[in-house]
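**Q** Structure below; questions to follow.
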């Protein structure tokens, strides 16, 4: 009995992790509002959030070209405000996905709430205890062209943006694209020239580029080094002074924009929202403008930088909501969540993503179809820019036809399926959406080449393919024609999308020694001479390998395809014929010889007819195997087919 009593006393002394830090923070909430790092990080009371009317809230994002220092700058701002401790945690704190850390790129936009005390005069805020404190919502965005949709969704929750430019590399292709995304969203743009500590840094040249390309006053640019901390003290004051506060009506019924969502095994769907009007409290009833379904708010809070419950969110603030959504289909990105039983005008939402690359995803083992379906459903909750439809292949069985924003987007999605959900996936050759017109005047958009049936009764009269406007920036270090007198050349071309989705970017980097940068934007469809190419194994078409190519390149591409397949398909006990065909015409062929068992090994001399009988029997057996046998196509073969270039 004494032991049991001691156990009960011990149990009463158990404190949940973080509870002590939370209680200390709640006793001293002013420490959360310091412009210096605080030793105590904890929760934030809803009553404390009430001290931040929209006039003292700033929502801003960081946009830049790849590898110009966005994530490092975000780390320094989190440290400067005491949101994370200096030297604690991992670099690029907001890059939380494994794929982001392995590739060194930002894939998902991440939000963090910071508290910062700022005075509107020249005295430091630390010397003015009555200086007003501000709530700052920082959104770190991706820089690669394939994730521009992620950037545009993040900007919808912001009123301003930090445009980060490398002091050595200057304005790059994606810098231009991101600037116009922010400009079209009517955001206040603060130029930040980063990496000024580099030996090759030339801030004056970058200022001149900003003036020439964007008409930005050079005096507005901030000179910083996120690595050394130089100049960072001027960034947050500029955010507060130059970026307007979020608009909204505090006394109206609550209205929120659903920015993003992801699935948690225990909590269900966690939604990231921006409160446009009113206030959201735990226990409130909210409804979806898209589905009409009603939910109860089970938890609400901010990202500080992890999920921190507050019990309330006020006008202009960005945070998370857990409302008991169990299906990822209920959380529609861009949806308006509002107070139940109230009539509100839905928010504009987002433009639907335009999918540029399509690929089939199939489970490596046909019995894993349900597991793959479940994994894709969870992942698309966190990546709303992917389209998914079910399809069936005679070669690979049940699978999915998925639409992506680009080849890197597709590659990252595959990697996340494997790393986060343990799915083993076979992916087919990526294609782009084509438009075909038949002789009777009917048109059809083809996203899967296998769906383009070879119907002799319906003659294809014309076909169109999507094009893009490509922007290529070449610096002075490369030898340019004499007509280019400036520090760099900005080249614009109209290119077929199919030509750039595979290896155009890598080839451009190769021939320019890595100096050129590349970006593209969607353009119109253009008429072209296209044909469907089928791959046949032993005379049977493999629908998962069908592709659409330009007619003049069909023979070369067909030859490359069959050559690669011959290298990666394992030899069988029967002969395998690999063919590439356009319609009924075979344009390339390779033969994979059969493995041969030495059936004469046990014959030592003797009558020759005995040997002939054994050889004839083996020959008949191979014919029978070829007739009923199936050819196993390894995943490596599909990967190699992706590398077949259409641009040479």
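Positions of Cβ are set from backbone N, Cα and C atoms, glycine also.
Take a look at what Swiss-Prot says about it:
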- 64-71, 140-144, 194-197: GTP binding site (BINDING)
- 55-247: domain 'tr-type G' (DOMAIN)
**Q** List nothing but the one residue from 64, 196 whose Cβ has the fewest other Cβ atoms within 10 Å; the candidates are the binding-site residues.
**A** 196
**Q** In DSSP terms, helix, strand or coil for residue 196 (GTP binding site)?
**A** coil
**Q** If you run the three-state DSSP split on residue 64 (GTP binding site), which class comes out?
**A** strand
**Q** According to DSSP, which of helix, strand or coil covers residue 70 (GTP binding site)?
**A** helix
**Q** Let me check the 10 A CB neighbour count of residue 70 (GTP binding site). How many other CB atoms are there?
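**A** Excluding its own Cβ, residue 70 (GTP binding site) sees 27 Cβ atoms within 10 Å.
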